[in-house]
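Now, the feature entries from TrEMBL:
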{"type": "SIGNAL", "residues": "1-23", "note": "signal peptide"}
{"type": "DOMAIN", "residues": "35-174", "note": "domain 'FAS1'"}
{"type": "REGION", "residues": "198-222", "note": "region 'Disordered'"}
{"type": "COMPBIAS", "residues": "213-222", "note": "compositional bias 'Pro residues'"}
{"type": "REGION", "residues": "230-249", "note": "region 'Disordered'"}
{"type": "COMPBIAS", "residues": "236-246", "note": "compositional bias 'Pro residues'"}
{"type": "DOMAIN", "residues": "258-386", "note": "domain 'FAS1'"}
Amino acid sequence: MDTSSYGVSKLLLLLLAASIATALPENKPGSGQINSNSVLVALLDSHYTELSELVEKALLLQTLEEAVGKHNITIFAPKNEALERNLDPLFKSFLLEPRNLKSLQSLILFHILPRRISSPQWPSLSHHHRTLSNDHLHLTKTPTLRFKVDSAEIIRPDDVIRPDGIIHGIERLLIPRSVQEDFNRRRSLRSISAVIPEGAPEVDPRTHRLKKPSPPVPAGSPPVLPIYDAMSPGPSLAPAPAPGPGGPRGHFNGEAQVKDFIHTLLHYGGYNEMADILVNLTSLATEMGRLVSEGYVLTVLAPNDEAMAKLTTDQLSEPGAPEQIVYYHIIPEYQTEESMYNAVRRFGKVKYDSLRFPHKVLAQEADGSVKFGHGEGSAYLFDPDIYTDGRISVQGIDGVLFPVEETTPATEVKPSAPVVKKVSKPRRGKLMEVACNMIGSRFMPCQ
């Protein structure tokens, strides 16, 4: 072979090597780029599916790509049964919680060494190796020539071999001490973010508010409360009055209760006109809310829409007519269908006060129900107990009630009689009358 032909063949080999080098991707340190022949790709496509899912849920793909790009790695992959069946369900749910992401990442990185260790390179004596989680693993070989990592046995050594790493199959999951302590801490009652069990709240009898724990008082300071407040109450101290009308503060949310019963009327159906009068035509809903807030109780006799449709224009056109009609249908007592029926069964007729003072609403028993009003203007209890909350009671009736007008008896006109003109005598004084009685009628002025 001459020197010219040898030089041409050498040049061709160099060009071929250069083309092959440029065609294949290269794992440069710190580049983070991997090829299809990487051990990380092999792990994701292997039969270790449970570990692959944990890697994806732990968001460690970018970290592992950088580790593979820097150096060879060794992965200890637990078998699927170790993660599916042999793992504590509470511990698995702990790992999958979003707030425990760091614990899951530490657990996975604990199974990866930043160096390549194959079965021929396995140390015969116990040897410590630092993992990607900055913890240490103990690699040992048993007298029966079995490989162990910590207390887990290698069941499939050199299972997956790639240029940038190797995968060994192990029998169970490796748990670092930090993750175990974190799990125990979260499971401990001291770290559970719940309300500390305490006794029932106490109410201060003087202020009627919940007692708050008093701040610590330094030694030697004067007492916080006067001595009279610390003494036990005697017989002369009466208990606090019950909430009622006219109190200094509203003990009831009357506006919310009135709004609630009006919504109940609308959802019940057939009482839209009554609700419209209370809310739109008048300000009675606001007035009722104030009364209930002050502690009053009310019973509303609500005419249905058929009864309200019978009202004429003249009955509603006068100023204040809608208010007067509704006032007569509000009883300042808390009555239910049962209480009113029992009352009329016992007493026959019962008169209830109304807000249209001084008129009263007459109730009586009729046909096994309660009948309100007089004569043709009466109404029956049609829909009992539409709304009852202990403060407001709504009873549906089938007519509009009007009070009986008090009329004066007419004077009888007698037939006309002839008019007789009477001449009144001059009125004497008392002294003259006494003198006439003593002297007699002979005296001229006495005639």
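Glycine residues also receive a Cβ, built from the backbone N, Cα and C atoms like all the rest.
Keep in mind that this is a model prediction, so the values were computed, not measured.
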(message) Under 8 Å between C-beta atoms and at least six residues away from its ends: which parts of the chain pack against the compositional bias 'Pro residues' (213-222)?
(response) none
(request) Kindly report the helix/strand/coil residue split of the compositional bias 'Pro residues' (213-222) according to DSSP, in that order. (result) 0 helix, 0 strand, 10 coil
(message) Let's see if you can do this one: DSSP helix, strand and coil counts over the domain 'FAS1' (258-386), in that order.
(response) 62 helix, 32 strand, 35 coil
(request) Express the predicted model's confidence over the domain 'FAS1' (258-386) as a mean pLDDT, rounded to an integer. (result) 87
(message) When secondary structure is assigned with DSSP, how many helix, strand and coil residues does the domain 'FAS1' (35-174) contain?
(response) 50 helix, 38 strand, 52 coil
